[in-house]
Structures are given as C-alpha cells and as structure tokens.
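Asks: Okay, handing you the structure first.
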Amino acid sequence: MVRFLIKRPIAVLLSFLGLLVFSVLAIRHLPISLLPGIEVPSIVVKVDYPNNPARIIENSVLNPIRTELNALNNLKSLESTATSESGVINLQFNYGTRMDLAYIEINEKIDRLQESLPRDMDRPRIIRVNTSDIPIIRIQVTPRAGTDFIELSELTERVLKKRLEQLDGVSIVDINGTRSEFISIDPYRAQLEALNITESQIEQTLKTANQELGQLSIKDGQYRYFVRMANRLDDIEEIKKLPVKNPDGDVVPLSRLASISFEQEKVQSYHLFQGQEGLVITVHKQADAKMTELTPLVYDAVELFKKEYTEADFDLTQDQSSLLNAGISNLSTSLIYGGVFAFAVLFLFMGNYRLPIIMGITLPVSLIISFLLFYAVGLSINIISLSGLALGLGMLIDNAIIVIDNISRKRSEGLGLTEACISGVNEVMSPLISSVLTTLAVFVPLVFLNGLSGSLFYDQAVSVAIILGASLMVAFILLPLLYKLFFGKSEKRINEDSAFFRLILRGYKSIFKLVWKFKAVSLAVLVLLIPLAYLLLNSLPKTGLPEIEKTETLVTIQWNAPIDVAANKARLQSILAETPESTVSESDIGLSQFLLSISEGSVEHANLYLKFADQQQKAKIEAQIAAFLSQSFPEATFEITDAPNAFDQIFVTEGSYFVAKWKNLGESEPMKPAMMTTLKQASEQNIESESIAGKGFVYENALEGSIDIEALSTYGINEGAFKTALGNALDGYLVTEIRRFGEVTPIKITRPQTDLQQQLQQVFVSGARGEQYPVSRFVNFSFSSTEKNITADRTGIYQSLEWDEISESEIKILTSKLPAVASQEGLTVDFDGTYFEDQENLQQLLFILAISVALLYFILAAQFESLVQPLIVIFTLPLGILGALIIIYISGATLNVMSAIGIIVMLGIMVNDAILKIDTINRLAGAINKDQSTDYRAQLTAAIAKTGEIRLKPILMTSITTILALLPVVFADGIGADLQRPLVFAVIGGLTIGTFTALYFVPLAYWFLSRKAF
C-alpha cells in the first residue's frame, strides 16, 4: 500500500486537502456543548400546594401519585418528600430506558389521576433531567431607585424573556424572583352589618358580573353570525361601580362596602443580588447549539438591555462556558506547545530542521481530520470529547516520531530515499496498529460501565479511537510522502545523531552494561518495585474530580424555625452584612419559581452563592459565616461547600454513604420523636460513627386546631360550611379572575392583618335559623410537634438514620444487628446509600478491567505469535503506574478521573515502546537463528542491546516532547489548569520514573523468558 501511494504524490496530497476542506466545514457544523447529550434516566414530579402542611400533601397528593407511578416500566427506584406547601417525587429508571417514552407515560398517568387530586391544586409538573437543561449563564436584573418591582417583573416576563428566547440556540429561559398583583376586596364589616349585606352577596355579585355567556349564534336570512358577550369587568374602576342590593331593595355601589385596591400577591420567594432584591433569568441552550456562539449572543443582548431599559441594572453571573473554554484552551495550548517542543526536540536529537517541519504539518492535519470523523459519528465538542482528544495527543506525537525515526534510520543504513520511506513505514506498521489496539483494549471496555459513567466513557473512548485512527492514517500515508518530498532533491544522508543524543546514548550504554552485568539482581529490584505501586494506590486519597481552587462558595441553609419568607430574607441579609463589598453574592430564598428546578424547597430554605477575590478571602469569610450561623441561629442546619459547576450538578452523587430506612409495620403514619431517640441509640452501639437523622425524622412546632363538633351540631351549623368559613378567616380567597389578552388578574376577598383571634371573630357562619356566629366560638388552637418532612419510597413512608462517614466493618455490623432491633420495635429496616452503588460499580469495574487485560493479552499474543512475550508488556504497566503515583503522591494531588486519564495516556506511550522493542528484538533474533555457526547467547545479547539503542531516541523524543508540552499547565492558574494538573502529574511521573525503569525491564524480562530457547 505504501509503495503504491508514495508514487502518487498529487493524488495523496489532493486527497488530504479534500479531507481538510471537509473537516473545516464539519467543524463549523459540530455542536459545541459543555457536556455530551447524555440521556439521564431520571424524572422529577414537583407538586405545589400552597397553605397546606406536609401531612396533607403526602396523604392527598403524593401517596396517590406514588401508587399510580409504581407500575411504570423499567422503574428502578422511587423516592418522595412532602414538605409544607410542596412535594417532590424522584424517579430513577434503569439505564438505557427510553426517557421520552417514560416522560409521556408519566404524563398520561398524571392526567388519569387528575380527577382524584385536590381541585384547588395546580397540575403536578413533570421535569426531565438532562445535561442540556443546565443553565449556561444567569442574568441578574435589579431595579434602580424609584422602579416599581411589579412593573419590572412584567417587563422581564413579557419582553426580556421573549427577546432572549428568540436568540439562535436558546431552548428555555427561566425566571425566579418575580412579583404579581391581585385586586383586593376587603369588606367593611360594620357597613355590611348596618346594611344587612353578607360577604357571600359580594362574592356572588363579583362572579355574576364577570360571567361569560360563551358564544351565541344569530341567524339573519341566509347568514349566521356568532356573538360573544364580553366581560363586564375590565378594570378596577368597573369593580368599584358594581351594584349590590340589600334585603330592603337599596342598591349600594361596591366601593361603599369594601376597600378595593391592587395588592401584591403573597411572597413565597425572593432573589437577592448583592443583597438587593431583584430577579434572575437563566438561559438554557439547545442540545445541538454551539455554546461558544450562543454565549456571546447573550452578552450582546444584555448590552442592549442596559441601553434600552434604564430602570434596571443588568449583570451576568455563573457563566458555565468558562469550563468549555478552559478545555478548548488546554487542547489548543497542548497542541501549540506540543508542536513547538516537538520541533525543538527533533532538531535537538537529529539536528535537521526539515524533520520538525514535517511534524508541524502532520500533527494539525491529524487533529483537523479527527473533527470530520466527529461529525460522521455524531459526536459534539464538549469537555468529555476534548479530554479524549487531549488523551490521544500524546500517542499522536508518538506515532509520528516513531515513523520519522524509523525512516531516518533506514536511510542511515544505506537504503534509497523511496525504499527507506516504504521500508521504514512497513516495518513499524504492524506494531503501531497493535499498540493502538492495546490502548483501545484498555479504554473501550469502560464504555460498558452502567449508568452515566459508561456514557461519559463512550464519548471519550470514541474520540480516542478517532484521533488514534486519524494519526495512523497520516503517519502511514502522508508522513512518508512529505518525507520524500522534503528530502527528494538531496541524496545526501541526513545527520542521524546529534551531539546531544550521542551524549545521552553513551550514558544509556553505561547504565545498560551495569544492569546487564547483574541481570538477576536488576530484574529482581525492578519486580520488587511493582508492589510499591499497590501500596501507593491504597494510600493516595481518592476523589471523583480534582480539587479545583474555586473562589466560589455555596451556603445552603435550613432555618428549622416557623418563619415566613420575609424573615428568611432578613436573616440572609444579616449574613451578607458580614461579607466584604467586593464579594459577588446571589441568594435564592424560599420556594423557587424556576420551572426546571428539581430541588425540594420551602419558605424556610435559602441558598447563598458567594464569589470571592481569592482563596484566602474565601476561607476567612466561610469561617465567619459558619461562626455567625452557629451563634445567632443554633437551631439552623447549614452546609458550606464549593459552588457546584454544571459538571458537578449532573455527575456528583447526592445522598448519604449509608442509610437505614425504618418503616412501621402495617402503619401509614410516621413515627414519633421518641422512637428516633431509641433507634439512634440502638444503632450507635458498638460502633464509633455517629448517625444523622434523615429528613423524615425532623420535626417542627405547629399550630393544631380542634373543631367543637358538638357545638356545631347544637347550633345547627353545617361542618363543611364551617370549615370553608374557617379557611376564609385564616386567609383571603379567590372569587374570580379578569382575563385580558393572556393576562390574568385575580380578584380576592381579603382580611386585615391582625392576630389570630381577631381574624376568627371577624368571620361569621350561619346557624340553622340564620343566626350569625363568629368562627372563633367553635375552634381552639394549641401548639404541637409535627413532621417537617414526610419521606417515602415504593413501599410507603419511611424515616431514616444516615451516615456520611462510616467504615466498611461498621456497615457489616449494622446490616447484621439492625434487623433484630427493628423486629423488637415492631418495625422493618432496609438499607440504602451510595456505599452499595460504589460496591456494585467497583465489582463491575474490576470485571471490565479483567476483560481489558485479557483483550490486551490476546492482541499482543497475535502480534508476537507467542503466549509468553505479551506478559512482558503487561508487567511494564505497573512500573509506569508506579512512576505516575510517585509524582502524584509527592505533589499532594489525589487519585481522580483526570489523573486516571493521565495514567492511560502515559501507558499508551509506554506500551508503544514495549511493543516496538519486543518486535525489533524478535526481528533481529530471527535473523540470528539463521546462522547456526554463531553463539546464540552473545548474538541475542547484541540484538537486545541494539534494540535498546534503536528505540532509545524515539521514546526519549516522545517522552520529552509530551512532558514539555504539558509542563506549562503545572505553573498555570485557572479552572482549566486545576482540572488538567493531576493528568500532567501522572504523565510526567510515568514518562520519567516509569519509562526509565521500563527501558531496562523489557530487555531483562525478554532475556530470562528466552533462555528456554538455548
């Protein structure tokens, strides 16, 4: 193939030019996202039922919904939480479930159930969890002095939102912090009594005046006309003029009977920016949109808003495109530094400027063609696929260096230019293909991990396969042709070895002679180093993602006190008073208005986001906030963590490490507080770890009312009518609505804000003979303790004790003794938590890694036609891992996803060297066997030594180029550098310590395994 193509330079060059043109076009059409479009197998059902406690929401809403949804196909787990005024059901499905069909099925079941749910409750919201649902940016809208907040809310909802929705690539625009108004009818009680008019008459007058008759049709000859009777009520002035008739026949305008005005709706949530009340707009992108193109459009739109709407200030926060830009920047930096250092290293080792130029052409060509293949297989440019490209860059450089070095060596052996190009490529083609297959054999099986991990590795594995495939195509076809064209006019042999390399070669030979003199001892020392890798692996701390030096903090607070949202805001503002003015702050207080919010909310809940100038200020203020909350609000529970980015929000696992779920046998009621104390004490016997009460074991003080049923019966009062009157006494109620061009204005009868007893005395209920009695006469109130949250799963209500930190031995103790404790108390207990997921994932990972090693062995056995020699390559891997772990340990980094990727990058380069080294020894040893007159031992030693010298230059060039290209990341700042630094440490460690040891391990292992031949 190489011989055929190298004689057709125009065809090859134009073919690659065509590929580059198509690749550039493909890049323009590739979606650019923060994360791949992974279908998350999760759906959330949210319920809002204002002015109702957790118990009513559980019994009237969540319980029937759970019963209906339990029969869903492929449902893995169901968890619900009822709180005051709201409830949430989290549905987890088996991975691979068609979530679009599951979403439709859930909506159909909710529709069928709608008739049995409370009529005064809005339809439950069904929210699909998707990676594309994460907002890419937040727009802060804060009113200036003199601006009406309700008008600003209307501007945001009707104008700003619609303008943002028209931007190309925007899918959803969500808003939190809006205010609305209603028309308040507050009756004059004395005036009503004097005129003998009841409140129900006012209610009926409003309903009648606002009634629509529907469409009427009138026939006029051959024509039929449709007549629509318009609303009589159009504005507040018409309401004031409505006539109300008393029993004496007198007609009185409504304005004489009640105070009529616009009032602000009851506030359930606030949004604060820099401590000032405002609104926040979140912008979500479409799955196939380019984030790098959409974000500038949002910035431009906000600049226009600043000019056109001077009544408000606009600010942009939490721009998630910074993560993606960091990934693109890192890839670009790696490519640029890789090209520059490859040029310098090639020149340093070979002393010829033309070879680095060839490298400088082939590297970008390989990368650009990769994007064409991205387009062909439907991948997007995202953090995951970019990390796959970064992973493949090391081997891309390695492949090019190996081919260039081998062609140059063939020329130095006396072959002509064309034959050197052909022979140089053919000789390394088989081992290079094997090395790529071995890398894929290690990486691709990880695609079969369950859940989101497998989806992540899919994008990464495909991108690795693409860039390695493109690099092989360029190395085998374009590179030898460019070599021939660059050196075609000169038959003079190039300067093969520079003075610098000859110096290194002398040092290598000296060490090799020493190692070879004490072969058994040297091999034993290297083999004994392998267990050290296992020890370091167990001692290193393990995390999911590297620790990023964030300057952003999220404070999550649950006040655990019966306060309203206004008191919640006041408390949060007292915290903000403790922070410097330079700190950027955002606060979401109370019940969220976001349509896509999947978090559980309550009026006592608050989230505070803070962005600091530096790490020192962050640590200082976090400590101050923790101390302030502990001292000022001891009953509150709070958590101070790094503010999560979009990657964390999707892939960081929530929930406790180990959970014991307690359930009442045959009871649908939650347990009392005393039972929690008993279970907690029994659970913590014989273990050191302390448990935390789950949400179901949290209680709060509540006002409990008892109706005197006997008194109602005595006075002939209907119980249903009394409960309606009682509800109206405690809060205003909706009478009707004015609807005008999509705008809805409620009309409510309200009560003056007084104490409870006065409110109850101002509302009357009619007896059997028409007498009027105050509601306060028939009801008594007292304080009691009740459940703050009610938690349930597929089998019913449960209450849990949870452990965030607990040893595996203690878990075994608990799983063995707690069932007996539960049986003794008349309960049942189930166990849950991330511990069980981690155990399952670990077992699966070990199984998949075993498959990877088996595939690696099979590929190498086929390559070498030997069952023994693949073991040499496999045993070099721990030496590389050891080098990586040593540097990770010294640097103080953790073992995480990025360091694991770095280890795979490094092992790919090391495996290349080992495969080529064994392949070269086999080829030279095969030539020795033909000559029966020579001493085989001496010739084999010479062949092994010669192979080491041949492979020394390319492995050093590859290692040094890769290390130098990544080294600037160690000293760089920013989130991109923080993410990549563990990867860099792993690569540097493996390519220094690991490569140095492997240089001598492969020859020694080959020698001892080949002794059976003589």
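Heads up, the Cβ atoms here are built off N, Cα and C, so glycines get one too.
In case it's useful when we look at the structure, here is the feature table from TrEMBL:
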| type | residues | note |
| --- | --- | --- |
| TRANSMEM | 331-350 | transmembrane segment |
| TRANSMEM | 357-377 | transmembrane segment |
| TRANSMEM | 383-407 | transmembrane segment |
| TRANSMEM | 428-449 | transmembrane segment |
| TRANSMEM | 461-483 | transmembrane segment |
| TRANSMEM | 514-537 | transmembrane segment |
| TRANSMEM | 845-864 | transmembrane segment |
| TRANSMEM | 871-891 | transmembrane segment |
| TRANSMEM | 897-916 | transmembrane segment |
| TRANSMEM | 955-977 | transmembrane segment |
| TRANSMEM | 983-1009 | transmembrane segment |
Asks: Please give the sequence-distant neighbours of the transmembrane segment (514-537): residues at least 6 beyond its ends with Cβ less than 8 Å from one of its Cβ atoms.
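Replies: Sequence-distant neighbours of the transmembrane segment (514-537): 875, 878-879, 881-882, 885-886, 889, 895, 941, 945, 997, 1000-1001, 1003-1005, 1007-1008.
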Asks: Out of 357-377, 428-449, 845-864, 897-916, 983-1009, what stretch is closest in contact terms to the transmembrane segment (871-891), meaning most Cβ pairs under 8 angstroms?
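Replies: By the under-8 Å Cβ criterion, the transmembrane segment (871-891) pairs most with 983-1009.
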Asks: Test the contact criterion for the transmembrane segment (845-864) and the transmembrane segment (428-449): 3 or more CB pairs under 8 Å, pairs 6 or more apart in sequence, then answer yes or no.
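Replies: By the criterion, they touch.
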Asks: Hey, would you say the transmembrane segment (897-916) packs against the transmembrane segment (461-483), going by three or more CB pairs under 8 A that are 6+ residues apart?
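Replies: Stretch pair does not touch.
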Asks: Near the transmembrane segment (983-1009), which residues from the same chain, at least 6 beyond its ends, have a CB less than 8 A from one of its CBs?
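Replies: Counting only partners 6 or more residues beyond its ends, the transmembrane segment (983-1009) has Cβ contacts under 8 Å with 390, 394, 508, 511-512, 515-516, 519, 522-523, 526, 529, 868-869, 871-872, 875-876, 879-888, 891, 893, 898-903, 905-907, 909-910, 913-914, 917-918, 921, 940-941, 944-945, 947-948, 952, 955, 959, 962-963, 966-967, 969-970.
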Asks: Residues of the same chain, at least six outside the transmembrane segment (461-483), with any C-beta under 8 angstroms of its C-beta?
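Replies: For the transmembrane segment (461-483), the list is 1-2, 5-6, 9, 12-13, 16, 358, 361-362, 365-367, 369-370, 373-374, 377, 379, 384-386, 388-389, 391-393, 395-396, 399-400, 402-404, 407, 421-422, 424-425, 429, 432-433, 436, 439-440, 443-444, 446-447.
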